[in-house]
Amino acid sequence: MKLIFIFLTLLIFVSSCTSILIKESSEEERIYPFNPVASPFDPRSLNQILKIGKIGYCFDCARACMRRDRYIRTCSFERKLCRCSYSHIHHTHG
């Protein structure tokens with residue numbers, strides 16, 4: 001019985017670490033297109049790309065919080081910071 005419990009505990013631990021690593025690697029593969037040849041020094045193009053990156057990062061942060069049944073508390077694209085609330089989302093049944 002102890003062996004089964006230890007095995008299941010290790011399995012849960014390994015699977016949670018694996019999912020975190022997979023999520024981080026998939027985030028690194030995201031590329032937001034910026035073509036400096038088309039607009040070499042156009043700050044508006046660069047600002048648009050940064051807005052897309054910020055929106056995408058905070059959207060992913062919100063989805064991660066919702067998967068944990070929590071609200072998003074803080075999202076900072078510049079500092080790569082995503083924090084969820086301590087309280088759970090209250091579901092209303094109508």
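Going from the start of the chain as shown, residues are counted 1 onward.
Cβ coordinates come from backbone N, Cα and C, glycine included.
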Q | Cysteine of Cys61, Cys65, Cys84 paired with Cys82 via disulfide, per Swiss-Prot | A | Cys61
Q.
Labelled region 'PRK6 binding' by Swiss-Prot, one stretch among 25-45, 67-87. Can you tell me which?
A. 67-87
Q: Please state whether DSSP places Cys65 (disulfide bond) in a helix, a strand or coil.
A: helix
Q. Same chain, outside the region 'PRK6 binding' (67-87) by at least 6, Cβ under 8 Å from its Cβ: which residues?
A. 53-54, 57-58, 60-61
Q) Which state, by DSSP, holds Cys58 (disulfide bond): helix, strand or coil? A) helix
**Q.** Inter-residue C-alpha distance, Cys58 (disulfide bond) and Cys65 (disulfide bond) (nearest angstrom)
**A.** 10
